[in-house]
Amino acid sequence: MNALAATSRNFKQAAKLLGLDSKLEKSLLIPFREIKVECTIPKDDGTLASYVGFRVQHDNARGPMKGGIRYHHEVDPDEVNALAQLMTWKTAVANIPYGGAKGGIGCSPGDLSISELERLTRVFTQKIHDLIGIHTDVPAPDMGTNSQTMAWILDEYSKFHGYSPAVVTGKPVDLGGSLGRDAATGRGVLFATEALLAEHGKGIAGQRFVIQGFGNVGSWAAQLISEAGGKVIAISDVTGAVKNVDGLDIVQLVKHSAENKGIKGFKGGDAIAPDSLLTEECDVLIPAALGGVINKDNANDIKAKYIIEAANHPTDPEADEILSKKGVLILPDILANSGGVTVSYFEWVQNIQGFMWDEEKVNAELRTYMTRAFGDVKQMCRSHSCDLRMGAFTLGVNRVARATVLRGWEA
């Protein structure tokens, strides 16, 4: 089941639990605006190349739209639509004043030089500058983009609208980026995991963790969990997988991964087949890589008691049913990985105020937001007697629906 089908299915189930009006339900699903633009740039060799850029703006009932921009060779409109919709529910669950958006350019960033990427980013910004903005739509980095991409967008946008640091988040700190933004999603995963374990009288310390993915989110989650006393016993990335039942030395693994462009060949553990990682014996499983990795084929073999969805949509609905029958608790992506967008919100707030926070304040506020969101989700689980995923979806959908009705959606 693809991301759009799964997200829409979750939304419909939540709408049913909430007893939403069918017209309102339909209105909430349709994106506010979809933008598609042609971006033609001169390549370094003097030839012209054309790319398609787009932005899906899903909903702005609760505030300006927010979501990543990805540079990837196969940007599927359905997936972008699903991710924009997912951002609407995610920001509502986190209770930050945003709606959802997503966008990107269909290109292979690895095949373009830095100067080509800069020209492409600037042309894209020129085409959409009047459709994004501090109080309209605030982009952020995603796959294939980074803080440098945001710096180019900020500069190009500012040529039209004056210096506006709050138009994008995930910027370099020198241009108004927030301290703590880099580790935010991984730190949010830690706080969300703490909240879930505390509910069952446990702490991070002494639990055995398995993490799939060692990019930004996976590596920060691993570092912070091991600092908190958790035992990370197995990790995989695109290059391979490594296991050590006594716990991996994460500091050394981060160093090895940076030097060798991956975890393959790490001496502090035994190499295992990456496919077997998800079914390793552990207490907490954290998929932090791709979507759809936990499916009906492997769900029966998963031995973890808790799954924390650090990736977007890692669990198929079929696997959801199998796992809940086994009594495995799943902390859904729209709660578990919302640390990134929450600190993006803090960055935006700091830019608007023109007053920057120190890192302690950023991390303390993040803990407050993540813990409160978990409490709010549990409250919905109790009122609708449902699992955590439906608790999160009903919470998010309900907040957006209420804002929509209060603003007068029929007028």
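Using the three backbone atoms N, Cα and C, a Cβ is placed for every residue, glycine included.
Database features (TrEMBL):
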ACT_SITE  Lys102  active site, proton donor
BINDING   Lys66, Lys90, Ser344  substrate binding site
BINDING   Thr185, Asn216  NAD(+) binding site
SITE      Asp142  site 'Important for catalysis'
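Among the listed binding-site residues, namely Thr185, Ser344, the Cβ with the most fellow Cβ atoms inside 10 Å is that of Ser344.
In sequence order, the binding-site residues near Asp142 (site 'Important for catalysis') (Cα within 10 Å of its Cα) amount to none of Lys66, Lys90, Thr185, Asn216, Ser344. Our reading of the substrate binding annotation (Lys66, Lys90, Ser344) yields a largest Cα to Cα distance of 13 angstrom. Here the candidates are the recorded positions Lys102, Thr185, Asn216. The one whose C-alpha lies nearest to that of Ser344 (substrate binding site) is Thr185.
One way to see the shell of the substrate site is to take the Cβ centroid of Lys66, Lys90, Ser344; the remaining same-chain residues with a Cβ within 8 Å of it are Gly67, Met87, Thr91, Ala94, Ile96, Tyr98, Gly100, Ala140, Ser338, Gly340, Val341, Thr342, Tyr345. Taking the Cα atom of each, Lys102 (active site, proton donor) and Lys66 (substrate binding site) are about 7 angstrom apart. Listed in sequence order, the residues of the same chain lying 6 or more apart from Lys66 (substrate binding site) and placing their CB within less than 8 Å of its CB are Met87, Thr91, Tyr98, Gly99, Gly100, Ala101, Asp137, Val138, Ala140, Thr169, Val341, Ser344, Tyr345. Across the fold, the C-alpha of Asn216 (NAD(+) binding site) and the C-alpha of Lys90 (substrate binding site) stand 19 Å from each other. Sequence-distant neighbours of Lys90 (substrate binding site): residues of the same chain at least 6 apart with a C-beta under 8 Å from its C-beta are Gly100, Asp333, Ile334, Ser338, Val341, Gly396.
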